[in-house]
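Quick look at what TrEMBL lists:
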- 14-152: domain 'CMP/dCMP-type deaminase' (DOMAIN)
């Protein structure tokens, strides 16, 4: 766990653990391959805790990550025809009097800050939601990105440096790691 995040204790009855378990369930839909991590993600409106979109690794065509899939699906729901290049268009400020004034992403693994494919990172996509002054303000994650592909991940640092709040949801690491690394050779 990084020192620039806060931690939610392993209270298995919390809404955060409930959502993290949902991320784990979503990640089971991702193919178990040695070339990717199996990750699940939820986009959630706060304070109502309404799930707006879900995603998992390789859900959409291409080499898609879970957060990328959830954000793209939400953008498409909002009528954005090119979420790859116009993601911010899906995140205008809420109208006055809106109940939900914040957005959070729950993800079973820390958002990536480097992709070997050269594709835009999940951390950058989260930051892109904020281009109109609104968007994702908080990320809940259940596992630090393993060093398998890109070495030490900088997703937490990139997001916190940009003012995104991160919370590490402790207590489900073993379960997440088992699902995340399915398809990888055991060392």
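Counting begins at 1 with the first residue displayed.
Just so you know, glycine gets a Cβ as well, placed from its N, Cα and C.
These figures come from a predicted structure and were not determined experimentally.
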Can you count helix, strand and coil residues in the domain 'CMP/dCMP-type deaminase' (14-152) using DSSP?
40 helix, 26 strand, 73 coil
Arithmetic mean of per-residue pLDDT over the domain 'CMP/dCMP-type deaminase' (14-152):
92
